[in-house]
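Some features that TrEMBL has for this protein:
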- 1-15: compositional bias 'Polar residues' (COMPBIAS)
- 22-45: compositional bias 'Low complexity' (COMPBIAS)
- 46-59: compositional bias 'Pro residues' (COMPBIAS)
- 1-59: region 'Disordered' (REGION)
- 72-97: transmembrane segment (TRANSMEM)
- 128-149: transmembrane segment (TRANSMEM)
- 156-175: transmembrane segment (TRANSMEM)
- 181-202: transmembrane segment (TRANSMEM)
- 223-243: transmembrane segment (TRANSMEM)
- 263-279: transmembrane segment (TRANSMEM)
- 286-303: transmembrane segment (TRANSMEM)
- 323-344: transmembrane segment (TRANSMEM)
- 424-449: transmembrane segment (TRANSMEM)
- 461-483: transmembrane segment (TRANSMEM)
Amino acid sequence: MNKGQTDSNEWLMSNKQREDPFQQQQQQQPQAQPQFQNAHPHGGPSAPPPGYCPIPPPNPPKIIAKPKYNDVWATALFAVFMAGFAVFAALGLPLAIEDLKTGELGRRPNNSSSGSVSLSFKVSASDIGGLIAASVGTGVAFSVVYFMLMLKFPGPIIKFSYFVNVLLLAGMAAYTAYLKSYIACAIFAVLAFLVAVTYWGVRDRIPFSQLVLETVCKISIRFNGTLFVAFGGIVVSAVYAVVWIGTLFGMMEWLQVRNVSSGAFYAILVILVFMSFWFNEVVRNTIHMTACGTFATYFFMGMQQPNSDRVTLPSNHTTAKSLGRALTTSFGSICFGSLLISIIRTLKFIAHMARTDSDGNIICCFVATCLECILGCLADILDYFNKYAYTEIAIYGKPYCEAGKDVFELFKYKGFDLIINDCLIGYVLAAGSFLTAALCALAGFLFVYLKGGLGSAGNSVGVYVGVCLISAFIGMWMFLVLLEVVDSGTAATFVCLAEDPATIQRQQPRFFAALQERYPDANWGIQSIAY
């Protein structure tokens, strides 16, 4: 067997293994799609009865038996840009480190006695370590508690997080009204009202999202390597961010010393920003594809044991193999999609700079604001599109463009279900992120309060605000590990169900029966609609 072959390919070695079950199902079901009479209890299209076996399509989705290195040009281009960043870092980091020792990061020491500003203060290592320990400990502890709540009480926590989102929007409306920003108040109030009213239209989808969330949490516990991959990726991004900031300040000084023109200065700034966007997108999408590949292997290769919920897999090290595919045959596709969204976000950054540097030019400010808004919307749309494109790549080993075409088909036939499911589970993850940040900020506040201050900085309001913001950021960073895995697992679960429910029914009948019972419409695969 080829080394690069996916775990799912081991199960799909011969076409006969995939065709025979389909032929048996087609003998049992008429070729034309049957018209079922039992409509869903909450309305909507007719749903198949319990025990209905989805009709497989004439051309079912196939996993590439011998995956090749896709989109190699994108990998080469990414390597060139990272080599360029290494050059910038070699020039700028030594200067940044030197300035950091003198407390003058990003600028040369000013020998003038007038107009000097001193922001130096002393904080002991024990204070810094205690603050980090309090924030990290609170973030990890609450993330574990929140994960167990998602596992044990998925339905109630979906409803709870939904109304937490409504309360946050209402709170923002009240706050902007207090600030006498009535336009913003009206916008937040309308959003809060619409989200609250929309609940009555999506409440019938909660059982489906509840089952998906519960299943994703169970699989995450079994394949906890996905959590370690996510944590490792976030650490890599954090280290890169530190190096990038040092490089940025160092290059600013390097250019100032050489009296480089402002045009060259802005060009290098834009290049560095683009490199940052691209690198972080590549890391994030690698985590996503690793988790998606692991979940897809569970659904397509896992065999449920008779009279048991236990699912066995023919291969070990599932997460490691999925990570290996993401870093080898599919890495070019990761770089390709990440390149596209990085270009859009860099253009948005340029529009933002143009808006802030408009110097009172109303026309320039208006055009730049419009461009920034449009590019922001495009970036969000492409980010959502990439999420499912990379899910397709992780499952089937496709090139990026082919995966993109299949995502359009997925949106065409199952887009409404997909968006509602993403929103419901997204509210759960957003509420968890917010609560984790709030608790970590409280932990940082209590640490400084009980210590009576933070070193020579004291216990002023500014110190408390800074500590709370830093602690909240650390808490969100810790919860991001859990968020990435659950979000990726949700996407993979939905794609597997939407594109090949017949395989999941055969491999894991108990899970499929629970799906039919809770939300029958959701188990209609794309083939049940398109063919």
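From the backbone N, Cα and C atoms, a Cβ is placed for every residue, glycine too.
Long-range Cβ contacts of the transmembrane segment (223-243) within its own chain (Cβ-Cβ under 8 Å, at least 6 residues beyond either end) map to 89, 93, 276, 279-280, 283-284, 286-287, 290-291, 294-295, 298, 318-320, 323, 477, 480-482, 484-485, 488-489. Here the transmembrane segment (424-449) does not lie next to the transmembrane segment (72-97) in space: the count of CB pairs under 8 Å, restricted to residues six or more apart, is fewer than 3.
Each of 72-97, 128-149, 156-175, 181-202, 263-279 was scored by its Cβ pairs under 8 Å to the transmembrane segment (323-344), and the highest score goes to 72-97. Highest Cβ pair count under 8 Å relative to the transmembrane segment (263-279), across stretches 72-97, 128-149, 156-175, 181-202, 461-483: 72-97.
Between the transmembrane segment (461-483) and the stretches 128-149, 156-175, 286-303, it is 128-149 that has the most C-beta pairs under 8 angstroms. Using a Cβ-Cβ cut-off under 8 Å and counting only residues 6 or more beyond its ends in the same chain, the transmembrane segment (156-175) has close neighbours at 149-150, 184-186, 188-189, 191-192, 195-196, 199, 206, 209-210, 213, 424-425, 427-428, 430-432, 434.
Panel annotation: around the transmembrane segment (286-303), residues 6-8, 10-11, 63, 216, 219, 222-223, 225-226, 229-230, 233, 311-315, 318-319, 321-323, 325-327, 330-331, 334, 387, 390-391, 393-395, 484-485, 487-489, 491-493, 495-496, 500, 503-504, 507-508 of the same chain, lying at least six beyond its termini, place a Cβ under 8 Å from a Cβ of the stretch.
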